[in-house]
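To keep things clear, I will list the structure first and then write my remarks on it.
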Ligand SMILES: [Mg+2]
């Protein structure tokens, strides 16, 4: 990525997301093999796993080492409450082991490994220190350690999302998509088939058949994709990256719609009805998590909308990385009123008009906004 400034931030952030992808792959393998001491539930009953805390601790530790703990402020999804409770000792132990095993590989990703294994209290502190509440001033990182935990525990799609925000603007976005293969067609195969195949012949460096990492810097006019790597030590990180671009389809009839698999926080029927009303005829692309943003940035799909159910507020970590990647890849993301998403108001996307609309281009975006306006009043949202 040719860039004025932020070279170190891009470098560190992409590498740490690569490392987090590797952590998640290992946990996902073990979950699928032997479920599930490693899963617990949050208060809202959404699942959370060793990987969520493991990634948060690892990314927090690496960013603090790289930029100094005094200069590193992080907004992240998880806290240490569940883990610190008395009946979570087994869970906590496996988080600590997972983090240490991941950090022992840090040199492969161009980072220094800790001099000795992290103590339990250090791991908890790394998780707890991600306690920034964001806002409109200064610099902070935004992390969703595992986005789409349901997809993750099912052996399906999930994403690791990291973004850098400065004075309320998203400057960098990195999306690690460990199960999102190079080619869209490969998505149609069952995930188990992937796992079987990659066990038979482990992916070599530069092979694209498993996952990818996408990233973009605001204003660069480019978004990039690289394969998952397992040893970047001797390699220029960006050698293997290629530019991705949104699709040029502007006719809704030829567009592909992204749909969430999980229905908990969004209104499926409204978006499905809307797709129909604008003439979308193709099969929707149903994927878990922010992989939907990656799909649009890469031209695999053209439209993604999310209308939250009443009472649900969108959080910045679920969108920041994906938004900048789509924008730099040539796409458009706004709320349903056509306004940019506001990342400067704390951990929520405050003031969001109805929902989020992401499209591959301005023309398509305009058509979708009109269609939303036309059918909004008759919806139950
Ligand atoms: Mg999450």
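Numbering starts at 1 and runs along the chain as it is shown here.
Each residue, glycine too, has its Cβ placed from N, Cα and C.
For the Mg(2+) site, TrEMBL lists 144, 147, 318; matching the candidates 29, 77, 78 against that entry yields 77.
For ligand 1, the binding-site residues lying close by, meaning a CB under 6 A from one of its atoms, are 77, 144, 147; the full candidate list was 77, 144, 147, 318. Listed in chain order, the extra residues whose Cβ falls within 8 Å of the Cβ center of the Mg(2+) site residues 77, 144, 147, 318 are 143, 145, 146, 161, 290, 315, 317. Non-local neighbourhood of residue 318 (Mg(2+) binding site): 144, 147, 161, 290, each in the same chain, at least six residues away, with C-beta under 8 Å from its C-beta.
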